[in-house]
Amino acid sequence: MADAPQGPALPLRARLSFACGHFLNDACSALWFTYLLPFLHAVLGYGHGAAGALLLAGQEQVPVALQQQLVQPGTCTTCVLVSFPFVFSPCLACREGTPQWAAFIYYLPFIVIFQFGWAATQVSHLALIPELVSSDHEKVELTAFRYAFTVMANITVYALTWLLLNFQRDQPDHMEHLGPQDVPVFRNLALIVVGLGAMSSLIFHLGTKEKPYPPGVLPEPEETSPLLQKESLGPPRPLLLWKDWLLEPSFYQVAVLYMSTRLIVNLSQTYIAMYLTNSLLLSKKFIATIPLVMYVSGFLSSFLMKPVNKCIGRNLTYFVGILVVLAFASWVALDRPMGAEIYGMAVLLGAGSATILVTSLSMTADLIGTNTHSSAFVYGAMSFTDKMANGVAVMVIQNLHPCPTELCCLACVAFYRWVMVLVTGGIAVAAVATLCCIMVWPIRIRYRAVGLRGLSGAGTPDGETRSAEGGAQGGTVN
């Protein structure tokens, strides 16, 4: 079937300004996931349980983001700007000998405010993708632009970390490994990130305009989505509400795949610094250079997403990314002394993570299709599964650590190596199983005919499920 005529493409300026809108979130996320545990453990001297509890406390705020449509985006950004510098600064009210539970109470409000603003901003930004563009390939392209800026944000964070650690080499208290002397590094890093993020958020708000739709009216799609087929000569389509999404099996398929993807990306980012310093016993400069290599490779691979998706489809693109992640996990499992090959491992993890993340976000945009009025709920639900799973996983890993301090026995040295193997290889196997389910039971969207009685004249009872397959089978995701 020939493609439907498309509307004018989104201008490059609008695409760039949209991509700028998540720079602050991405930079803060890089700091949060990569450096929070080393900061709490090695710099401030907190135990595994306390650090894991602070991470989990942050993830618990995500359900509030499901209500983000009640909060102005500018307010969400302000929450991040105001609270984040305090997370990576020493406790102002603490003294030597202050118990860890008191420090936990001090940091908790700042983490709660930061995570609320971060999650609400993420949901709002993702929900704009199906609002700004309608065709599948444009969604992939816009998601790739967004991820390119995500990688740029991460590269900025890691490059700044390398510079700040390098400046320390001239200091008399310079040490090869992280310690209390590195408090100014993380504090200054957080302040610089917030300043750059504030400027990028201003560019986003000035350059991105939403399409004005009348309330309760669905826009006509410019191109029929593979997931959604219009009913020919049928009654007006009902709005797909949040409770209708919960009845869609495809909603859960995409949610599990997205959750698995985020677990791989976020947990590998969280524990890569611990793996480098505690398992491979490398100096602290590697906590900047290795993540930097990861995200440079991710940046380069993100530009291949659109042609690869066109050539082999969503499912096979995701599968190729998972194979690259599994290659990284196999390399780590070999457990041999690492030299220059550590950079090759970083390239594999960066490219594989970028591929599966961009593809899973594109699948989510495909799932929403033209139902942009409820896209905030869909992205909020995906974010909820992602954050809760990450928080619980971190807490479990922290409590499985064999010793209360970082390095006290041989088991501690091997611990983070097996963490990296399991969070990449183990979860990748689960992601492949979910992908197989999508291939066997292709994604289909059905509409619940709510409030159509009187519109169609057919006497359809309220609440009756009306499939979009009237005369034609629903589309599938390739």
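Cβ coordinates are placed from backbone N, Cα and C, and glycine is handled just like the others.
Annotations in TrEMBL come from automatic prediction, not curation.
Taken from TrEMBL, the feature region 'Disordered' covers 459-478.
Per TrEMBL, the feature transmembrane segment maps to 32-58 (among others).
According to TrEMBL, the feature transmembrane segment maps to 70-92 (among others).
Marked as transmembrane segment by TrEMBL: 104-124 (among others).
Counting only same-chain residues 6+ beyond the ends of the transmembrane segment (144-165), those with a CB under 8 A from a CB of the stretch are 15-16, 18-20, 22-23, 26-27, 30-31, 34-35, 125, 129, 182, 185, 188-189, 192-193, 196, 284-285, 287-289, 291-292, 295-296, 298-299, 302-303, 305-306, 354, 357-358, 361. Under the heading transmembrane segment, TrEMBL lists 144-165 (among others).
Proximity of distant same-chain residues to the transmembrane segment (185-206), defined by a Cβ-Cβ separation under 8 Å and at least 6 residues beyond the stretch ends, is recorded for 17-18, 20-21, 23-25, 27-28, 31, 35, 39, 43, 73-74, 77, 80-81, 84-85, 87-90, 156-157, 160-161, 164-165, 168. According to TrEMBL, the transmembrane segment annotation covers 185-206 (among others).
Taken from TrEMBL, the feature transmembrane segment covers 286-304 (among others). Here the transmembrane segment (286-304) has Cβ contacts under 8 Å with residues 30, 34-35, 38, 144, 147-148, 151-152, 154-155, 158-159, 161-162, 165, 178, 269, 272-273, 276-277, 280, 342-343, 346-351, 353-355, 358 of the same chain, all six or more residues outside its ends.
Summarising the annotation, TrEMBL assigns transmembrane segment to 316-334 (among others).
The transmembrane segment annotation in TrEMBL covers 346-365 (among others).
If you look up TrEMBL, you'll see 415-443 (among others) marked as transmembrane segment. Residues 227, 249-250, 253-254, 256-257, 260-261, 263-264, 267-268, 271-272, 274-275, 278-279, 315, 318-319, 322, 325-326, 328-330, 332-333, 335, 349, 356, 366-367, 393, 397, 400-402, 476-477 of the same chain lie 6+ residues outside the transmembrane segment (415-443) yet bring a C-beta within less than 8 angstroms of a C-beta in it.
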Other than its close neighbours in sequence, what residues sit by the transmembrane segment (316-334), given a CB gap under 8 Å and a spacing of at least six beyond its ends? 257, 264, 275, 305, 308-309, 341, 344-345, 348-349, 351-356, 359-360, 363, 417, 420-421, 424-425, 428-429, 431-432, 435
Restricting to the same chain and to residues at least six past its boundaries, which positions have a Cβ under 8 Å from a Cβ of the transmembrane segment (32-58)? 87-88, 90, 100-101, 103-104, 107-108, 111-112, 114-115, 157-158, 161, 177-180, 182-183, 186, 189, 266, 269-274, 277, 287, 291, 391-392, 394-395, 397-399, 401, 404-406
